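Taken from TrEMBL as is:
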DOMAIN    37-162  domain 'Nose resistant-to-fluoxetine protein N-terminal'
SIGNAL    1-20  signal peptide
TRANSMEM  166-187  transmembrane segment
TRANSMEM  224-245  transmembrane segment
TRANSMEM  265-292  transmembrane segment
TRANSMEM  312-333  transmembrane segment
TRANSMEM  376-395  transmembrane segment
TRANSMEM  402-429  transmembrane segment
TRANSMEM  449-466  transmembrane segment
TRANSMEM  473-502  transmembrane segment
TRANSMEM  522-544  transmembrane segment
Amino acid sequence: MCNRLIYLFLFGNLLGVNTGILFPTDNFNFTNIFKTSQLCQNQFKVTDAKTLFQMFDASAKSVDGLLYLNMFHLGNFDECYDIAKATTAGLVYGKYCLGTMTLPSKPSLNTVENAKSSNLKKLHIGVCVPNGCTTQDTELLTGKSLIHFSDDFCYSQDKAPKLDSGAIIALIILGVFAGIVIVSSVCELMQIRKGKFTQGYIFAFSAVSNGSKLLSSTSNPDQLLCLNGIKAISMMWVILGHVYLSSTQGTMGNVVDIRKWQENIYNMIIVDGTVSVDSFFTITGLVTVYTFLKIAGNEMKFNIFLYYFHRYIRLTPSLAIMVLIHTTLLPYLGNGPLWNTIYDGFIRSCKTYWWSALLYVQNYFHDEDTCVPQSWYLSVDFQLYLLSPIILLSLHRWPKFCLTILTLLVALSCAIPFGIGYVYGIPAFITDVEIKPHEMMWLYYKQTYARFGPYVVGMIAGYFIYRRKHSQVVLVLHPAWMISIWLICLAGLLGCLYAPYYASLNYSRLSHSLLLAFLRNGWALCLSGVIYMCVAGYGGMLFFKGSKQKQIILFYCVN
(Lines of atoms letter the chains of each structure in order from A and count residues from 1; the text may use other names and numbers.)
(Lines give C-alpha, C1' and ligand atoms only; values in the text may rest on other atoms or scores of the structure.)
Protein backbone atom coordinates (compact mmCIF):
# COMPACT_ATOMS: atom_id res chain seq x y z
CA MET A 1 0.00 0.00 0.00
CA CYS A 2 2.84 2.37 0.81
CA ASN A 3 4.44 1.76 -2.60
CA ARG A 4 1.21 2.54 -4.39
CA LEU A 5 0.78 5.76 -2.46
CA ILE A 6 4.33 6.81 -3.32
CA TYR A 7 3.76 6.27 -7.04
CA LEU A 8 0.37 7.90 -6.85
CA PHE A 9 1.80 10.92 -5.08
CA LEU A 10 4.46 11.29 -7.74
CA PHE A 11 1.95 11.06 -10.59
CA GLY A 12 -0.32 13.44 -8.77
CA ASN A 13 2.41 16.02 -8.82
CA LEU A 14 3.29 15.17 -12.42
CA LEU A 15 -0.15 15.42 -13.97
CA GLY A 16 -2.56 16.61 -11.34
CA VAL A 17 -0.54 19.72 -10.64
CA ASN A 18 1.68 20.42 -13.66
CA THR A 19 -0.92 19.93 -16.36
CA GLY A 20 -3.59 21.47 -14.20
CA ILE A 21 -1.93 24.83 -14.57
CA LEU A 22 -2.42 24.85 -18.33
CA PHE A 23 -5.25 22.35 -18.69
CA PRO A 24 -7.56 22.54 -15.62
CA THR A 25 -9.29 19.27 -14.83
CA ASP A 26 -11.07 17.80 -11.86
CA ASN A 27 -10.86 14.21 -13.12
CA PHE A 28 -7.59 13.33 -11.42
CA ASN A 29 -8.27 11.54 -8.17
CA PHE A 30 -5.80 9.99 -5.77
CA THR A 31 -8.12 7.01 -5.42
CA ASN A 32 -7.90 6.18 -9.15
CA ILE A 33 -5.21 3.60 -8.48
CA PHE A 34 -7.78 1.49 -6.66
CA LYS A 35 -9.92 1.47 -9.81
CA THR A 36 -7.25 -0.13 -11.95
CA SER A 37 -7.15 -3.83 -12.82
CA GLN A 38 -6.21 -6.35 -10.17
CA LEU A 39 -2.89 -7.22 -11.87
CA CYS A 40 -1.93 -3.57 -12.04
CA GLN A 41 -2.73 -3.09 -8.35
CA ASN A 42 -0.80 -6.24 -7.38
CA GLN A 43 2.31 -5.10 -9.26
CA PHE A 44 2.19 -1.75 -7.49
CA LYS A 45 1.91 -3.62 -4.22
CA VAL A 46 4.91 -5.94 -4.71
CA THR A 47 7.23 -3.45 -6.46
CA ASP A 48 9.71 -1.65 -4.22
CA ALA A 49 9.75 2.11 -3.88
CA LYS A 50 13.08 2.46 -5.72
CA THR A 51 11.70 0.80 -8.85
CA LEU A 52 8.51 2.84 -8.68
CA PHE A 53 10.59 5.99 -8.44
CA GLN A 54 12.57 4.84 -11.48
CA MET A 55 9.28 4.54 -13.39
CA PHE A 56 8.36 8.03 -12.32
CA ASP A 57 11.82 9.26 -13.25
CA ALA A 58 11.41 7.79 -16.74
CA SER A 59 8.06 9.56 -17.28
CA ALA A 60 7.70 13.03 -18.78
CA LYS A 61 7.70 15.63 -16.00
CA SER A 62 6.37 18.81 -17.52
CA VAL A 63 4.77 20.44 -20.51
CA ASP A 64 6.88 23.29 -21.86
CA GLY A 65 7.62 25.09 -25.08
CA LEU A 66 4.03 25.00 -26.36
CA LEU A 67 4.35 28.32 -28.13
CA TYR A 68 7.34 26.85 -29.94
CA LEU A 69 5.15 23.89 -30.89
CA ASN A 70 7.06 21.46 -28.69
CA MET A 71 4.44 18.71 -28.83
CA PHE A 72 6.61 15.76 -27.81
CA HIS A 73 7.45 15.21 -24.15
CA LEU A 74 8.88 11.72 -24.25
CA GLY A 75 10.53 11.12 -20.90
CA ASN A 76 13.26 8.47 -20.93
CA PHE A 77 12.24 5.47 -23.01
CA ASP A 78 15.33 3.34 -22.35
CA GLU A 79 15.20 3.85 -18.58
CA CYS A 80 11.62 2.59 -18.51
CA TYR A 81 12.10 -0.24 -21.01
CA ASP A 82 15.14 -1.61 -19.17
CA ILE A 83 13.27 -2.07 -15.87
CA ALA A 84 12.99 -5.76 -14.97
CA LYS A 85 12.48 -6.30 -11.23
CA ALA A 86 12.10 -9.67 -9.58
CA THR A 87 9.26 -9.63 -7.03
CA THR A 88 7.26 -12.15 -5.04
CA ALA A 89 4.70 -12.14 -7.85
CA GLY A 90 7.31 -12.68 -10.60
CA LEU A 91 9.15 -10.27 -12.87
CA VAL A 92 7.74 -6.77 -13.15
CA TYR A 93 8.80 -4.91 -16.28
CA GLY A 94 8.64 -1.24 -17.04
CA LYS A 95 5.97 -0.43 -19.64
CA TYR A 96 6.49 2.74 -21.64
CA CYS A 97 3.33 4.23 -23.13
CA LEU A 98 3.19 7.30 -25.36
CA GLY A 99 -0.14 9.04 -24.89
CA THR A 100 -1.75 11.91 -26.76
CA MET A 101 -3.56 14.87 -25.31
CA THR A 102 -5.80 16.97 -27.57
CA LEU A 103 -5.18 20.64 -26.97
CA PRO A 104 -8.13 22.76 -25.85
CA SER A 105 -8.96 26.04 -27.55
CA LYS A 106 -7.24 28.72 -25.56
CA PRO A 107 -6.05 32.16 -26.72
CA SER A 108 -2.50 31.39 -25.60
CA LEU A 109 -2.38 28.39 -27.95
CA ASN A 110 -3.57 30.03 -31.16
CA THR A 111 -0.24 29.22 -32.77
CA VAL A 112 -0.88 25.55 -32.18
CA GLU A 113 -4.46 25.71 -33.40
CA ASN A 114 -3.23 27.09 -36.71
CA ALA A 115 -0.77 24.24 -37.21
CA LYS A 116 -1.28 22.22 -40.37
CA SER A 117 -0.09 18.86 -39.06
CA SER A 118 -2.38 16.75 -36.90
CA ASN A 119 0.65 15.84 -34.79
CA LEU A 120 1.02 19.49 -33.89
CA LYS A 121 -2.56 19.64 -32.57
CA LYS A 122 -1.85 17.04 -29.90
CA LEU A 123 0.59 16.75 -27.07
CA HIS A 124 2.53 13.49 -26.91
CA ILE A 125 3.47 12.49 -23.36
CA GLY A 126 5.52 9.46 -22.32
CA VAL A 127 4.53 7.62 -19.15
CA CYS A 128 6.15 4.61 -17.46
CA VAL A 129 3.97 2.12 -15.54
CA PRO A 130 4.25 -1.56 -14.53
CA ASN A 131 3.71 -3.93 -17.44
CA GLY A 132 0.56 -5.39 -15.84
CA CYS A 133 -1.27 -2.09 -16.26
CA THR A 134 -3.51 -1.82 -19.31
CA THR A 135 -3.95 1.33 -21.35
CA GLN A 136 -7.23 1.88 -19.50
CA ASP A 137 -5.34 1.64 -16.22
CA THR A 138 -2.77 4.14 -17.48
CA GLU A 139 -5.53 6.56 -18.46
CA LEU A 140 -7.03 6.23 -14.99
CA LEU A 141 -3.67 6.93 -13.38
CA THR A 142 -3.02 10.03 -15.49
CA GLY A 143 -6.53 11.48 -15.66
CA LYS A 144 -8.78 9.81 -18.23
CA SER A 145 -10.08 12.97 -19.85
CA LEU A 146 -6.56 14.30 -20.45
CA ILE A 147 -4.41 11.66 -22.08
CA HIS A 148 -5.41 8.83 -24.41
CA PHE A 149 -3.22 5.73 -24.69
CA SER A 150 -3.13 3.00 -27.32
CA ASP A 151 -1.56 -0.46 -27.18
CA ASP A 152 0.14 0.37 -30.47
CA PHE A 153 2.41 2.81 -28.66
CA CYS A 154 3.09 0.84 -25.47
CA TYR A 155 6.37 -1.04 -25.17
CA SER A 156 7.74 -3.48 -22.61
CA GLN A 157 10.23 -6.34 -22.63
CA ASP A 158 7.56 -8.99 -22.11
CA LYS A 159 5.76 -7.76 -25.26
CA ALA A 160 8.88 -7.48 -27.43
CA PRO A 161 8.20 -8.87 -30.93
CA LYS A 162 9.30 -12.46 -31.50
CA LEU A 163 10.76 -13.68 -34.76
CA ASP A 164 7.96 -14.89 -37.02
CA SER A 165 8.24 -17.30 -39.94
CA GLY A 166 8.81 -14.49 -42.44
CA ALA A 167 11.72 -13.08 -40.44
CA ILE A 168 13.26 -16.54 -40.05
CA ILE A 169 13.00 -17.21 -43.80
CA ALA A 170 14.58 -13.81 -44.53
CA LEU A 171 17.47 -14.57 -42.17
CA ILE A 172 17.97 -17.93 -43.86
CA ILE A 173 18.07 -16.28 -47.30
CA LEU A 174 20.55 -13.63 -46.14
CA GLY A 175 22.55 -16.33 -44.37
CA VAL A 176 22.76 -18.40 -47.56
CA PHE A 177 24.03 -15.37 -49.48
CA ALA A 178 26.60 -14.66 -46.76
CA GLY A 179 27.64 -18.32 -46.76
CA ILE A 180 28.17 -18.30 -50.52
CA VAL A 181 30.37 -15.21 -50.23
CA ILE A 182 32.40 -16.76 -47.38
CA VAL A 183 32.92 -20.08 -49.19
CA SER A 184 33.85 -18.33 -52.44
CA SER A 185 36.28 -16.02 -50.64
CA VAL A 186 37.95 -18.88 -48.73
CA CYS A 187 38.35 -20.90 -51.93
CA GLU A 188 39.95 -17.95 -53.69
CA LEU A 189 42.34 -17.29 -50.83
CA MET A 190 43.38 -20.93 -50.86
CA GLN A 191 44.02 -20.77 -54.60
CA ILE A 192 46.02 -17.57 -54.24
CA ARG A 193 48.10 -19.18 -51.51
CA LYS A 194 48.86 -22.10 -53.81
CA GLY A 195 49.82 -19.67 -56.58
CA LYS A 196 47.04 -20.78 -58.90
CA PHE A 197 44.71 -18.73 -61.08
CA THR A 198 41.32 -17.90 -59.57
CA GLN A 199 38.97 -18.41 -62.45
CA GLY A 200 35.59 -20.12 -62.53
CA TYR A 201 32.07 -19.67 -61.24
CA ILE A 202 33.05 -20.64 -57.71
CA PHE A 203 35.02 -17.40 -57.39
CA ALA A 204 32.30 -15.15 -58.82
CA PHE A 205 31.02 -14.25 -55.34
CA SER A 206 34.39 -13.85 -53.66
CA ALA A 207 34.75 -10.72 -51.53
CA VAL A 208 38.46 -10.72 -52.34
CA SER A 209 38.32 -10.31 -56.12
CA ASN A 210 35.07 -8.34 -56.16
CA GLY A 211 36.32 -6.04 -53.41
CA SER A 212 39.50 -5.44 -55.37
CA LYS A 213 37.51 -4.54 -58.47
CA LEU A 214 35.14 -2.22 -56.61
CA LEU A 215 37.95 -0.34 -54.88
CA SER A 216 40.25 -0.08 -57.89
CA SER A 217 40.62 3.09 -59.93
CA THR A 218 40.84 2.43 -63.64
CA SER A 219 40.29 4.66 -66.62
CA ASN A 220 40.26 4.60 -70.37
CA PRO A 221 39.83 7.35 -72.99
CA ASP A 222 36.13 6.55 -73.48
CA GLN A 223 35.16 7.06 -69.84
CA LEU A 224 33.58 10.32 -68.68
CA LEU A 225 35.55 10.58 -65.46
CA CYS A 226 34.10 13.93 -64.42
CA LEU A 227 30.74 12.23 -63.85
CA ASN A 228 32.17 10.29 -60.91
CA GLY A 229 32.86 13.36 -58.80
CA ILE A 230 29.52 14.96 -59.73
CA LYS A 231 27.65 11.81 -58.71
CA ALA A 232 29.54 11.55 -55.42
CA ILE A 233 28.83 15.19 -54.52
CA SER A 234 25.19 14.85 -55.57
CA MET A 235 24.75 11.70 -53.48
CA MET A 236 26.16 13.43 -50.38
CA TRP A 237 23.81 16.33 -51.10
CA VAL A 238 20.82 13.97 -51.35
CA ILE A 239 21.73 12.35 -48.02
CA LEU A 240 22.13 15.76 -46.36
CA GLY A 241 18.70 16.82 -47.61
CA HIS A 242 17.09 13.65 -46.28
CA VAL A 243 18.71 14.20 -42.89
CA TYR A 244 17.05 17.62 -42.65
CA LEU A 245 13.74 16.29 -43.98
CA SER A 246 13.72 13.40 -41.51
CA SER A 247 14.41 15.72 -38.60
CA THR A 248 11.31 17.78 -39.40
CA GLN A 249 9.15 14.65 -39.35
CA GLY A 250 10.30 13.55 -35.91
CA THR A 251 10.20 15.06 -32.45
CA MET A 252 11.18 18.72 -32.64
CA GLY A 253 11.09 21.14 -29.76
CA ASN A 254 11.14 24.30 -31.88
CA VAL A 255 8.87 23.74 -34.88
CA VAL A 256 8.17 27.47 -35.21
CA ASP A 257 11.85 28.04 -35.99
CA ILE A 258 11.56 26.04 -39.21
CA ARG A 259 10.09 29.05 -40.96
CA LYS A 260 12.88 31.27 -39.69
CA TRP A 261 15.39 28.71 -40.93
CA GLN A 262 13.73 28.70 -44.37
CA GLU A 263 13.92 32.48 -44.54
CA ASN A 264 17.73 32.37 -44.31
CA ILE A 265 19.07 32.57 -47.85
CA TYR A 266 22.11 30.46 -46.97
CA ASN A 267 19.80 27.49 -46.35
CA MET A 268 18.53 27.48 -49.93
CA ILE A 269 21.02 24.71 -50.62
CA ILE A 270 18.68 22.52 -48.54
CA VAL A 271 15.33 24.17 -49.34
CA ASP A 272 16.07 23.96 -53.06
CA GLY A 273 18.23 20.86 -52.71
CA THR A 274 15.93 18.57 -54.70
CA VAL A 275 17.77 19.66 -57.84
CA SER A 276 20.49 17.25 -56.70
CA VAL A 277 18.16 14.45 -57.85
CA ASP A 278 17.91 16.09 -61.25
CA SER A 279 21.68 15.80 -61.51
CA PHE A 280 21.23 12.03 -61.55
CA PHE A 281 18.45 12.22 -64.14
CA THR A 282 20.70 14.37 -66.32
CA ILE A 283 23.68 12.04 -65.97
CA THR A 284 21.56 8.95 -66.65
CA GLY A 285 20.17 10.40 -69.88
CA LEU A 286 23.64 11.52 -70.93
CA VAL A 287 25.29 8.15 -70.26
CA THR A 288 22.45 6.24 -71.96
CA VAL A 289 22.93 8.13 -75.24
CA TYR A 290 26.71 8.20 -75.01
CA THR A 291 26.96 4.44 -74.40
CA PHE A 292 24.51 3.60 -77.18
CA LEU A 293 26.32 5.77 -79.73
CA LYS A 294 29.62 4.12 -78.78
CA ILE A 295 28.10 0.69 -79.40
CA ALA A 296 26.54 1.84 -82.67
CA GLY A 297 29.81 3.43 -83.71
CA ASN A 298 31.59 0.09 -83.27
CA GLU A 299 28.94 -1.48 -85.51
CA MET A 300 27.73 -3.76 -82.75
CA LYS A 301 24.16 -5.02 -83.02
CA PHE A 302 21.68 -3.45 -80.61
CA ASN A 303 19.85 -6.19 -78.67
CA ILE A 304 16.83 -4.60 -77.04
CA PHE A 305 16.16 -7.66 -74.87
CA LEU A 306 19.64 -7.53 -73.36
CA TYR A 307 19.28 -3.76 -73.07
CA TYR A 308 16.24 -4.14 -70.79
CA PHE A 309 17.43 -7.29 -69.03
CA HIS A 310 20.78 -5.79 -68.09
CA ARG A 311 19.13 -2.73 -66.58
CA TYR A 312 16.61 -4.76 -64.60
CA ILE A 313 19.14 -7.24 -63.28
CA ARG A 314 21.47 -4.38 -62.36
CA LEU A 315 18.90 -2.54 -60.26
CA THR A 316 16.67 -5.23 -58.83
CA PRO A 317 18.79 -7.51 -56.57
CA SER A 318 19.75 -4.78 -54.10
CA LEU A 319 16.22 -3.34 -54.19
CA ALA A 320 14.75 -6.82 -53.62
CA ILE A 321 16.92 -7.25 -50.52
CA MET A 322 15.70 -3.88 -49.22
CA VAL A 323 12.07 -4.93 -49.83
CA LEU A 324 12.71 -8.23 -48.03
CA ILE A 325 14.23 -6.46 -45.02
CA HIS A 326 11.41 -3.90 -44.88
CA THR A 327 8.78 -6.62 -45.07
CA THR A 328 10.21 -9.07 -42.54
CA LEU A 329 13.09 -7.78 -40.42
CA LEU A 330 12.52 -4.07 -39.94
CA PRO A 331 10.33 -4.44 -36.79
CA TYR A 332 13.26 -6.10 -35.00
CA LEU A 333 15.91 -3.56 -35.95
CA GLY A 334 15.03 -0.78 -33.54
CA ASN A 335 12.91 0.50 -30.69
CA GLY A 336 11.68 3.80 -29.28
CA PRO A 337 8.61 5.88 -28.44
CA LEU A 338 7.61 6.32 -32.11
CA TRP A 339 9.05 3.08 -33.46
CA ASN A 340 5.66 1.54 -34.21
CA THR A 341 4.92 4.34 -36.68
CA ILE A 342 7.23 2.52 -39.10
CA TYR A 343 4.55 -0.14 -39.62
CA ASP A 344 2.30 2.09 -41.71
CA GLY A 345 5.17 4.01 -43.27
CA PHE A 346 7.43 1.11 -44.25
CA ILE A 347 6.26 -2.40 -43.36
CA ARG A 348 2.60 -2.56 -44.36
CA SER A 349 3.24 -0.88 -47.71
CA CYS A 350 5.94 -3.43 -48.59
CA LYS A 351 3.80 -6.38 -47.48
CA THR A 352 1.00 -5.17 -49.75
CA TYR A 353 2.78 -3.58 -52.70
CA TRP A 354 6.16 -5.32 -52.91
CA TRP A 355 5.34 -6.39 -56.47
CA SER A 356 4.94 -2.82 -57.71
CA ALA A 357 8.33 -1.88 -56.28
CA LEU A 358 10.04 -4.74 -58.12
CA LEU A 359 8.20 -3.87 -61.34
CA TYR A 360 9.10 -0.16 -60.96
CA VAL A 361 5.51 1.06 -61.36
CA GLN A 362 4.53 2.09 -57.85
CA ASN A 363 4.77 5.82 -58.56
CA TYR A 364 1.57 5.40 -60.60
CA PHE A 365 -0.34 3.00 -58.37
CA HIS A 366 0.05 4.14 -54.76
CA ASP A 367 -0.10 7.48 -53.03
CA GLU A 368 1.20 7.19 -49.48
CA ASP A 369 1.85 3.43 -49.61
CA THR A 370 5.25 3.44 -51.31
CA CYS A 371 7.39 0.39 -50.54
CA VAL A 372 10.92 1.60 -49.74
CA PRO A 373 9.90 5.27 -50.20
CA GLN A 374 13.19 6.45 -51.67
CA SER A 375 12.88 3.88 -54.48
CA TRP A 376 10.48 6.22 -56.31
CA TYR A 377 13.59 7.44 -58.13
CA LEU A 378 14.31 3.95 -59.46
CA SER A 379 10.75 3.72 -60.80
CA VAL A 380 11.09 6.97 -62.74
CA ASP A 381 14.60 6.09 -63.89
CA PHE A 382 13.54 2.65 -65.13
CA GLN A 383 10.47 3.99 -66.94
CA LEU A 384 12.58 6.57 -68.76
CA TYR A 385 15.08 3.86 -69.63
CA LEU A 386 12.28 1.73 -71.10
CA LEU A 387 11.28 4.56 -73.42
CA SER A 388 14.83 5.51 -74.42
CA PRO A 389 15.25 3.11 -77.39
CA ILE A 390 12.69 5.11 -79.35
CA ILE A 391 15.06 8.08 -79.17
CA LEU A 392 18.30 6.12 -79.37
CA LEU A 393 17.54 4.35 -82.64
CA SER A 394 16.25 7.57 -84.21
CA LEU A 395 19.21 9.58 -82.97
CA HIS A 396 21.66 7.20 -84.62
CA ARG A 397 19.89 7.22 -88.00
CA TRP A 398 18.44 10.74 -88.20
CA PRO A 399 20.36 12.88 -85.69
CA LYS A 400 19.12 16.30 -86.85
CA PHE A 401 15.47 15.25 -86.88
CA CYS A 402 15.80 13.55 -83.51
CA LEU A 403 17.51 16.55 -81.92
CA THR A 404 14.54 18.63 -83.04
CA ILE A 405 12.20 16.13 -81.38
CA LEU A 406 14.28 16.19 -78.20
CA THR A 407 14.12 19.99 -78.15
CA LEU A 408 10.33 19.82 -78.43
CA LEU A 409 10.29 17.29 -75.58
CA VAL A 410 12.25 19.73 -73.42
CA ALA A 411 9.62 22.38 -74.17
CA LEU A 412 6.89 19.88 -73.27
CA SER A 413 8.72 19.05 -70.02
CA CYS A 414 8.41 22.73 -69.12
CA ALA A 415 4.73 23.00 -70.04
CA ILE A 416 3.55 19.94 -68.08
CA PRO A 417 4.96 20.95 -64.65
CA PHE A 418 3.69 24.50 -65.20
CA GLY A 419 0.18 23.20 -65.84
CA ILE A 420 0.28 20.87 -62.84
CA GLY A 421 1.56 23.58 -60.55
CA TYR A 422 -0.93 26.18 -61.73
CA VAL A 423 -4.02 23.94 -61.77
CA TYR A 424 -3.40 22.18 -58.46
CA GLY A 425 -1.62 25.03 -56.66
CA ILE A 426 1.50 22.97 -55.97
CA PRO A 427 4.48 24.83 -54.49
CA ALA A 428 7.94 24.57 -55.99
CA PHE A 429 9.51 23.46 -52.70
CA ILE A 430 8.79 20.40 -50.59
CA THR A 431 9.35 22.48 -47.47
CA ASP A 432 6.44 24.81 -48.33
CA VAL A 433 3.35 24.29 -46.18
CA GLU A 434 0.77 25.62 -48.65
CA ILE A 435 0.02 22.02 -49.61
CA LYS A 436 0.72 18.77 -47.76
CA PRO A 437 4.07 17.29 -48.78
CA HIS A 438 2.64 13.89 -49.77
CA GLU A 439 0.22 15.58 -52.20
CA MET A 440 3.06 17.49 -53.78
CA MET A 441 5.02 14.24 -54.07
CA TRP A 442 2.11 12.32 -55.61
CA LEU A 443 0.89 14.93 -58.06
CA TYR A 444 4.28 16.12 -59.25
CA TYR A 445 7.52 15.04 -57.60
CA LYS A 446 7.37 11.27 -58.21
CA GLN A 447 5.75 11.33 -61.64
CA THR A 448 7.73 10.47 -64.74
CA TYR A 449 5.67 12.81 -66.93
CA ALA A 450 6.67 15.71 -64.68
CA ARG A 451 10.35 14.82 -64.17
CA PHE A 452 11.59 13.72 -67.60
CA GLY A 453 12.97 17.14 -68.59
CA PRO A 454 16.50 16.82 -67.13
CA TYR A 455 16.75 13.30 -68.58
CA VAL A 456 16.06 14.63 -72.08
CA VAL A 457 18.50 17.52 -71.57
CA GLY A 458 21.07 14.90 -70.59
CA MET A 459 20.34 12.92 -73.75
CA ILE A 460 21.03 15.98 -75.90
CA ALA A 461 24.26 16.60 -73.98
CA GLY A 462 25.25 12.96 -74.43
CA TYR A 463 24.99 13.28 -78.20
CA PHE A 464 27.22 16.38 -78.38
CA ILE A 465 29.72 14.91 -75.92
CA TYR A 466 29.98 11.77 -78.05
CA ARG A 467 30.56 13.92 -81.14
CA ARG A 468 33.21 15.89 -79.28
CA LYS A 469 35.16 12.83 -78.12
CA HIS A 470 34.93 10.93 -81.40
CA SER A 471 35.22 13.77 -83.90
CA GLN A 472 38.25 14.08 -86.13
CA VAL A 473 38.02 17.86 -85.87
CA VAL A 474 38.71 19.25 -82.40
CA LEU A 475 37.38 22.70 -81.66
CA VAL A 476 39.83 24.74 -79.58
CA LEU A 477 38.25 27.45 -77.47
CA HIS A 478 39.86 30.83 -76.98
CA PRO A 479 40.54 31.43 -73.25
CA ALA A 480 38.03 34.27 -73.24
CA TRP A 481 35.30 31.96 -74.57
CA MET A 482 36.28 29.23 -72.13
CA ILE A 483 36.07 31.59 -69.16
CA SER A 484 32.78 33.02 -70.40
CA ILE A 485 31.18 29.59 -70.77
CA TRP A 486 32.35 28.57 -67.31
CA LEU A 487 30.99 31.75 -65.78
CA ILE A 488 27.62 31.27 -67.50
CA CYS A 489 27.34 27.64 -66.33
CA LEU A 490 28.38 28.33 -62.75
CA ALA A 491 26.21 31.44 -62.54
CA GLY A 492 23.31 29.39 -63.89
CA LEU A 493 23.80 26.69 -61.24
CA LEU A 494 24.00 29.24 -58.45
CA GLY A 495 21.00 31.05 -59.91
CA CYS A 496 18.94 27.85 -59.86
CA LEU A 497 19.80 27.45 -56.19
CA TYR A 498 19.45 30.99 -54.86
CA ALA A 499 17.34 32.95 -57.33
CA PRO A 500 14.11 31.27 -56.09
CA TYR A 501 14.79 32.60 -52.57
CA TYR A 502 12.21 35.39 -52.66
CA ALA A 503 9.63 33.08 -54.22
CA SER A 504 10.18 30.63 -51.35
CA LEU A 505 9.21 33.27 -48.78
CA ASN A 506 5.65 33.76 -50.04
CA TYR A 507 3.62 31.40 -52.17
CA SER A 508 2.41 32.73 -55.51
CA ARG A 509 0.65 30.38 -57.90
CA LEU A 510 2.24 31.94 -60.99
CA SER A 511 5.80 32.30 -59.70
CA HIS A 512 5.91 28.79 -58.23
CA SER A 513 4.44 27.32 -61.42
CA LEU A 514 7.15 29.06 -63.44
CA LEU A 515 9.79 27.61 -61.10
CA LEU A 516 8.34 24.14 -61.59
CA ALA A 517 8.50 24.70 -65.34
CA PHE A 518 12.05 25.98 -65.74
CA LEU A 519 14.10 25.38 -62.58
CA ARG A 520 15.01 21.71 -63.09
CA ASN A 521 15.63 21.98 -66.82
CA GLY A 522 17.78 25.06 -66.23
CA TRP A 523 19.81 23.14 -63.66
CA ALA A 524 20.23 20.24 -66.08
CA LEU A 525 21.31 22.57 -68.90
CA CYS A 526 23.99 24.30 -66.80
CA LEU A 527 25.21 20.99 -65.37
CA SER A 528 25.48 19.61 -68.90
CA GLY A 529 27.61 22.62 -69.80
CA VAL A 530 29.95 21.86 -66.90
CA ILE A 531 30.23 18.21 -67.97
CA TYR A 532 30.91 19.18 -71.59
CA MET A 533 33.68 21.57 -70.57
CA CYS A 534 35.32 18.91 -68.40
CA VAL A 535 35.11 16.28 -71.15
CA ALA A 536 36.51 18.76 -73.67
CA GLY A 537 39.55 19.27 -71.45
CA TYR A 538 38.63 22.66 -70.04
CA GLY A 539 37.80 21.45 -66.54
CA GLY A 540 41.06 22.29 -64.83
CA MET A 541 40.80 21.68 -61.09
CA LEU A 542 37.09 20.94 -61.47
CA PHE A 543 37.83 17.82 -63.51
CA PHE A 544 36.63 15.40 -60.84
CA LYS A 545 38.13 11.94 -61.17
CA GLY A 546 37.31 8.70 -59.42
CA SER A 547 36.47 5.06 -59.79
CA LYS A 548 33.44 4.28 -61.88
CA GLN A 549 32.80 1.20 -59.80
CA LYS A 550 32.76 3.19 -56.58
CA GLN A 551 30.10 5.48 -57.98
CA ILE A 552 27.90 2.51 -58.86
CA ILE A 553 28.06 1.39 -55.23
CA LEU A 554 27.25 4.90 -54.00
CA PHE A 555 24.43 5.42 -56.47
CA TYR A 556 22.49 2.19 -56.07
CA CYS A 557 23.30 0.89 -52.58
CA VAL A 558 23.65 3.96 -50.33
CA ASN A 559 20.02 3.63 -49.19
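Every residue, even glycine, has its Cβ placed from backbone N, Cα and C.
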Test the contact criterion for the transmembrane segment (376-395) and the transmembrane segment (473-502): 3 or more CB pairs under 8 Å, pairs 6 or more apart in sequence, then answer yes or no.
no
Other same-chain positions with a Cβ less than 8 Å from the transmembrane segment (402-429) and lying at least 6 residues past its termini are 271-272, 274, 391, 394-395, 435, 439-440, 443-444, 449-450, 452-453, 456-457, 459-460, 463, 500, 503-504, 507, 509-510, 512-521
Non-local residues, at least 6 beyond the ends, that sit with Cβ under 8 Å of the transmembrane segment (265-292)
224, 227, 230-231, 234, 237-238, 240-241, 244, 302, 377, 380-381, 384-385, 388, 391-392, 395-396, 429-431, 445, 451-452, 454-459, 461-463, 465-466, 496-498, 500-501, 504, 519-520, 523-524, 527-528, 531, 555
Can you work out the mean pLDDT of the predicted model over the domain 'Nose resistant-to-fluoxetine protein N-terminal' (37-162)?
82
Going by DSSP, how much of the domain 'Nose resistant-to-fluoxetine protein N-terminal' (37-162) is helix, how much is strand and how much is coil, in residues?
52 helix, 31 strand, 43 coil
